[in-house]
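Visitor: Take a look at this one; I'll ask things after.
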Amino acid sequence: MVTIGNAHDDLIHDAVLDYYGKRLATCSSDKTIKIFDLDGTDNYKLITTLTGHEGPVWQVSWAHPKFGSILASCSYDGKALIWKEQPETQQWSIIAEHTVHQASVNSVSWAPHELGAVLLCTSSDGKVSVVDFNDDGTTSHVIFDAHAIGANSATWAPVSTSSKDSAALKQQRRIVSCGSDNLAKIWKYDAANNTYVEEAKLEGHTDWVRDVAWSPSNLIRSYIATASQDRTVLIWTQDRDGKWQKQLLTEEKFPDVCWRCSWSLSGNILAVSGGDNKVSLWKENLQGKWESAGEVDQ
């Protein structure tokens, strides 16, 4: 485990490893993003500090390496910024600004690489936007109303086809969002109208849903986790019949607000972080019940 001390001058809101686990990007209320090189031991080196946001930076997301060394960030300033490293100079610069939202942009998430360079954003204006970065250098976006009081987070469904046809892949686009209306919603791309339509509404929380995570594994069934201010995490499963069933991760409420939830790459372990400054790990047993798999030690 690597501990990076005094990285920022204010609260750190996110820390994400790149695809290879060699670089760490962090972001903070100090309006900056920092990128560190990790060497697999306890050593790390600060590569660069990125400045460009005018407010706290809430989240960062690495693009798949097939698109280059690219990072997306979002901020209270209402912007999502796209940063790229030039391999020759190793200098980072802003290559795109996404400014369609009217309030804080709360999350950014790149689509599975099979779908192309596509970025998903949520905002306190209640809207979700999806931005396509096209091969010819142009961009196009779709923006739609999702959660009336504010959209807090969103993520992509895993791709379930090996098709290379771009039109067929676009039809595969499904996302799940969550918001301050206590709901999570599943959306499917509607090619005829070039928008996203609500496919399902996941009702079960009694307070704001702070985070949502769609498991990358969907071999047997689909799993979605939602983390809420009501101090619970719900696991939603979809079998072949298409209906979503909910289950409490644990019968006992968490000690504090559940801020984030995240699946392992294999999709069998869920990490939950909360207001008690702890990260707990959970795994489904053979009976379909979720049990503790320990905590991440600080």
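Cβ coordinates are placed from backbone N, Cα and C, and glycine is handled just like the others.
According to Swiss-Prot, the record shows the following:
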type	residues	note
REPEAT	7-46	repeat 'WD 1'
REPEAT	52-93	repeat 'WD 2'
REPEAT	100-141	repeat 'WD 3'
REPEAT	146-197	repeat 'WD 4'
REPEAT	204-246	repeat 'WD 5'
REPEAT	253-292	repeat 'WD 6'
Visitor: For the repeat 'WD 5' (204-246), what's the mean pLDDT in this predicted model?
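Guide: Summing pLDDT over the repeat 'WD 5' (204-246) and dividing by its length gives 92.
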Visitor: Quick check on the repeat 'WD 3' (100-141): DSSP residue counts for helix, strand, coil, in that order please.
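Guide: Here the numbers are 3 helix, 22 strand, 17 coil.
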Visitor: For the repeat 'WD 6' (253-292), could you work out the same-chain residues 6 or more beyond its ends whose Cβ comes under 8 Å from its Cβ atoms?
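Guide: Same-chain contacts beyond the flanks: 210-218, 223, 225-233, 235, 247, 298.
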